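Following: one structure in structure tokens, then a few remarks.
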Amino acid sequence: MGVLFEPTNNDNNPRLLEDFIEKAGGCAVIDGGFATQLELHGASIKDPLWSALCLINNPHLISKVHLEYLEAGADIIVTSSYQATLPGFISRGLSLEQAEKLLEKSVKLATDARDVFWESVNKIDDHTYNRALVAASIGSYGAYLADGSEYSGNYGENVDMNKLKDFHRRRLQVLVAAGPDLLAFETIPNKLETQAIVELLEEENVQIPSWICYSSVDGVNAPSGESFADCLEVINTSRRIAAVGINCAPPQFVHSLVQKFKGLTEKVIVVYPNSGEIWDGIAKKWMPSKCFNDDKFKVLATRWRDSGAKLIGGCCRTTPSTVRGLSKVLKKTSLATN
């Protein structure tokens with residue numbers, strides 16, 4: 001049988017993530033691009049709600065994508081709530097209660113897919129899967145604005161700490177109550193939002209381990225231009241943040257950033273870059289760029305692991321094929337050493 005790991009998200013286990021990584025062989029695999037797969041299956045997500053639109057129109061496709069990534073070998077699947085916000089849903093005419101139910105649904109779709117998949121594979125002798133963890137995605141304030149500011153950190157003079165905490169608070173409460181194993185704060189662009197998240201997790205006494213991931217447009221600093229040293233200084237004060245890293249940045253930036261982060265923190269390092277294409281947040285389209293195919297992605301991923309990353313996956317424009325390749329190369333080496 002595969003490694004059986006039963007998450008205990010209600011037990012205030014500060015080592016849940018570290019224990020899971022150890023049982024996964026020293027490096028756990030995160031899933032890949034979500035919107036990419038939804039569009040492949042016919043979903044129309046050209047909308048400010050982006051993939052969260054499927055929580056309203058096509059929840060069965062969300063379940064399908066989760067299952068595809070689980071079958072590909074993902075140890076952690078991320079919910080479809082990145083762009084799911086209460087003000088975003090309310091602006092579409094939904095009530096607050098309906099909006100909260102959709103946030104809850106994002107977690108339930110993922111946990112149900114995980115449980116169904118695990119029940120099926122656990123009947124198979126000598127399978128190589130781990131019982132996956134579910135990470136509830138919490139996109140940055142810039143992701144809600146849908147104006148590309150998650151890649152600049154430029155929120156304007158009217159956005160302060162209190163506004164950011166007020167924006168995140170109720171969504172955080174609803175998602176935590178829905179019962180995920182982890183919280184994934186994604187594409188955080190600046191120190192201000194980092195501080196808001198750290199303070200909010202403390203104020204709400206959140207027991208579920210969290211990770212915070214940044215993007216980077218230059219491979220050196222946070223999107224705001226602030227140094228990662230300044231941002232991670234804030235994270236290092238929090239016992240509620242278990243991991244920190246990079247998502248939705250070009251793969252060629254990742255190796256040096258993993259090395260940088262290793263020198264700045266003792267937190268688990270998590271990376272899930274995009275395919276190498278560039279998203280134009282204003283024009284709402286992918287710009288031509290040199291892409292990294294699955295074979296090259298696999299080669300780079302082993303370098304990231306060897307440099308210290310312990311959670312590795314893909315973001316925009318990566319697919320179950322990418323994750324299948326990651327699972328093979330990362331787990332093969334890790335498990336062989338156990």
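Cβ coordinates come from backbone N, Cα and C, glycine included.
Taken from TrEMBL as is:
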BINDING   C248, C315, C316  Zn(2+) binding site
DOMAIN    16-330  domain 'Hcy-binding'
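Shown in sequence order, G32, G33, N247, C248, Y272, P273, N274 are the residues of the chain, 6+ apart in sequence, with a C-beta less than 8 angstroms from the C-beta of C315 (Zn(2+) binding site). Look at the binding-site residues C248, C316 and count other Cβ atoms within 10 Å of each Cβ; C316 has the fewest.
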